[in-house]
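As given in TrEMBL:
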DOMAIN    21-350  domain 'Acyltransferase 3'
TRANSMEM  59-84  transmembrane segment
TRANSMEM  105-128  transmembrane segment
TRANSMEM  148-173  transmembrane segment
TRANSMEM  180-196  transmembrane segment
TRANSMEM  208-231  transmembrane segment
TRANSMEM  238-257  transmembrane segment
TRANSMEM  269-289  transmembrane segment
TRANSMEM  301-319  transmembrane segment
TRANSMEM  339-360  transmembrane segment
Amino acid sequence: MVDKSAPKLPSLDHSQLGRLDSIQVLRAVAAWFVVLYHLAETPDERLSFSGAQPNWLHFYRVIGFAGVDLFFVISGVVMMITCYNRFGSVSESPRFLWRRITRVYPLYWIATLVILAVAWAVPSLAIRDKLADSHFWKSFLLWPQDDFPAVAVGWTLVFEMYFYVVFAALLALPRKAVRPALLAWGFLALGLFAYYDRPEWHCLKGNLFLPLPASLLTLEFLAGCGIGWLVCERRCPIPAAALCSGAAMLLLVGFLIGSRFPDESQYGYVRVTVFGSSAALLVYGAVGLELAGRWRKLPGLTFWGDASYALYLSHVYVIGLVAKLQGRVSPELSTWSRFGWTLLCLVSCGFVAALGHLLLEKPLLRLLQRKRSSAKTPLRTGGKDLE
């Protein structure tokens, strides 16, 4: 039986929350931040423009990685909203996991197979070593490992699957026990992180699973869960102030700290405090404004929110291919040609992502949603699935 310790909120049925445009807009922002971050990365053998990126890209080199923090917060919000009335049911846990697996893995598997096919065809590529049997299967299953998966950004999906597994276990709890359990999970992450680098833990350094519960990125997912809880209870005061504060914190404080401490800002307490907090404020503010009827629809960004997963999975390798093309065609770059190659990169990333979304992701989602409907396991929505 589903927990009935708290009444359902009819005003928050999934026909209303199944399509939060603010969430899709923020997904678009997060994905393009990550694209610009990788475009502006310090040049290396994997992808580069021979150090010729326009100066304006330095801004995204400093804070673009915060797109990942935004994704983690969004994930927590979506999980809580879509499962708020489903706590207290042991049978809901496997259903939840199945929904998440069928959402995450199909497009990821396609991206992985494409990358590995390219690696076979072009042996000189650095990703050739991803073809080793053990690495291939760990990459394919999003299993924790001591290297990046074949699809490099898949490391964040490893964290997502960890979040989903723990959240699935929480679904068996009555709703009144969920908040204490989420707090306990957060304190566990803080405690493990604090002790992870102590000498007495060195014997566990080879444990590939420990970095997941010991990561402070868990706090970002939990912040999203908290925001989702507030949304479901219709307690979202001062959303405009939160949105403005989050934007200022990211663009000003984040840039200043990221410029001054480029390494420290991407890890641990600094990352979660500055970039995780700003992401939480942005999400809270945007969703709160939409629920208050004060959110202006942005169809263009909404489309890129829909296509954000395809963009996220494909962009690194699209950038790499354009970079190789640039190296062959135009090794010496003027100011204008730098801008042109950068623009070509962005357009190519968007084009490939749009094709992947329209030709692969959407048909797959429709097929899987039909299967879910026939099994009576989905969370029905009035529009596109929020998940």
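Every residue gets a Cβ built from N, Cα and C, even glycine.
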Under 8 Å Cβ-Cβ from the transmembrane segment (208-231), and at least six residues away from its ends along the same chain, one finds 12, 17, 69, 72-81, 84, 143-146, 158-159, 162-163, 167, 179, 182, 185-186, 188-190, 192-193, 196, 268-269, 271-272, 276-277, 279-280, 283-284, 287-288, 291
Top stretch by Cβ pairs under 8 Å to the transmembrane segment (180-196) (candidates 148-173, 238-257, 269-289) is 148-173
When counting C-beta pairs under 8 angstroms to the transmembrane segment (269-289), the leading stretch of 148-173, 238-257, 301-319, 339-360 is 238-257
Counting only residues at least 6 beyond its ends, the same-chain positions whose CB falls under 8 A of a CB in the transmembrane segment (339-360) are 35-36, 39, 49, 52-54, 57, 107, 110, 304, 306-307, 309-311, 313-315, 318-319, 321-323, 326, 330, 333
- Are the transmembrane segment (59-84) and the transmembrane segment (148-173) close enough that 3 or more Cβ pairs fall under 8 Å, when only pairs 6 or more apart in sequence count? yes
